[in-house]
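Annotated features, as they stand in TrEMBL:
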type	residues	note
ACT_SITE	Asp136	active site, proton acceptor
BINDING	Gln13, Glu88, Asp119, Gly120	S-methyl-5'-thioadenosine binding site
BINDING	His44, Asp68, Asp136, Ser137, Thr138, Asp139	spermidine binding site
DOMAIN	1-216	domain 'PABS'
Amino acid sequence: MEGILYKGKSKYQEIMVIENPFFGRMLLLDNIVQITQRDEFFYHEMLTHVGMYAHPNPKRVVVIGGGDGGIVREVLKHKGVEKVYFVEIDEMVIDVSKKYFPDVAVAVDDPRVEIKTMDGAEFIKGISNIDIVIVDSTDIIGFARTLFTKEFFLAVSNCMGPEGIFITHTESLHLHKDIVIEMQEELRGVFPVVDLYTMAIATYPGNWWAFAVGSKQLTPRQCRRPFDIDTKYYDQEIHTQVFLTPGFYKKLLNRQLQW
């Protein structure tokens with residue numbers, strides 16, 4: 001670490017920006033790394049575009065969490081998007097990100113974006129006709145816990161149109177396999193189509209992270225539009241590959257293996 005660029009405390013958490021000689025600027029919430037300048041695009045692209053390309057025409061999108069703005073940036077690369085509800089409970093995270101990570105937060109002031117500083121679990125109950133819901137939350141503890149409950153998943157399903165798709169991270173299969181498994185089981189009680197994809201994220205605990213998908217009818221494994229956006233990591237070949245879950249993880253997910 002070369003130095004602390006910012007340190008403050010909001011109503012919800014401690015926020016810190018540090019400079020690192022390898023990763024560049026790093027955003028930490030309660031001392032846990034959220035993004036780095038060097039590798040943020042891996043996470044933001046993969047949490048966003050798998051669901052967006054699985055939908056034939058996403059126009060109305062809800063992004064819950066992700067106060068750094070990276071998911072909003074990626075969503076707005078899709079030309080058909082007309083409205084993004086950016087729901088972040090901690091306004092200070094948005095403000096700090098705009099100042100210290102302008103390339104990540106570049107799209108949060110786009111006229112198609114409506115910022116809501118409130119609990120995403122409450123916001124989702126009052127909205128309708130949504131095509132995509134993406135949850136980019138902090139870890140499944142504390143005030144973010146409401147975003148990982150069956151009650152929340154039901155509210156998400158109810159707010160969606162007939163082809164709606166929901167995507168969220170579900171922690172690391174290496175360190176939090178029980179959480180990953182429980183999330184899959186909860187989602188199956190709500191959505192007709194449930195799937196999971198994985199990828200490596202070097203700066204997150206456990207390195208190998210899982211993402212859960214719940215869909216009203218569309219399989220997320222299929223890309224339904226031509227690839228026409230600028231990305232660094234995601235493409236339609238990667239879209240297919242991330243669903244190829246190794247046999248070891250399949251056994252974990254099916255509770256056939258203790259590890």
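Keep in mind that glycine also has a Cβ here, set from the backbone N, Cα and C atoms.
Here the features listed in TrEMBL are placed on the structure.
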residue : record                                 : Cβ within 10 Å
Gln13   : S-methyl-5'-thioadenosine binding site : 21
His44   : spermidine binding site                : 26
Asp68   : spermidine binding site                : 26
Glu88   : S-methyl-5'-thioadenosine binding site : 25
Asp119  : S-methyl-5'-thioadenosine binding site : 16
Gly120  : S-methyl-5'-thioadenosine binding site : 25
Asp136  : active site, proton acceptor           : 25
Ser137  : spermidine binding site                : 20
Thr138  : spermidine binding site                : 21
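In this structure the C-alpha atoms belonging to Asp136 (active site, proton acceptor) and Asp68 (spermidine binding site) are separated by 10 Å. Spanning the listed S-methyl-5'-thioadenosine site, residues Gln13, Glu88, Asp119, Gly120 have a farthest Cα to Cα distance of 17 Å. The binding-site residues shown are His44, Asp68, Ser137, Thr138; of these, the one with its CA atom nearest the CA of Gln13 (S-methyl-5'-thioadenosine binding site) is Thr138. Straight-line distance linking the Cα atoms of Thr138 (spermidine binding site) and Asp119 (S-methyl-5'-thioadenosine binding site), rounded to a whole number, equals 13 Å. Nearest by CA distance to Asp119 (S-methyl-5'-thioadenosine binding site), out of the binding-site residues His44, Asp68, Ser137, is Ser137. A separation of roughly 10 Å, to the nearest angstrom, links the Cα atoms of Glu88 (S-methyl-5'-thioadenosine binding site) and Asp68 (spermidine binding site). Among the binding-site residues His44, Asp68, Ser137, the residue whose Cα lies closest in space to that of Gly120 (S-methyl-5'-thioadenosine binding site) is Ser137.
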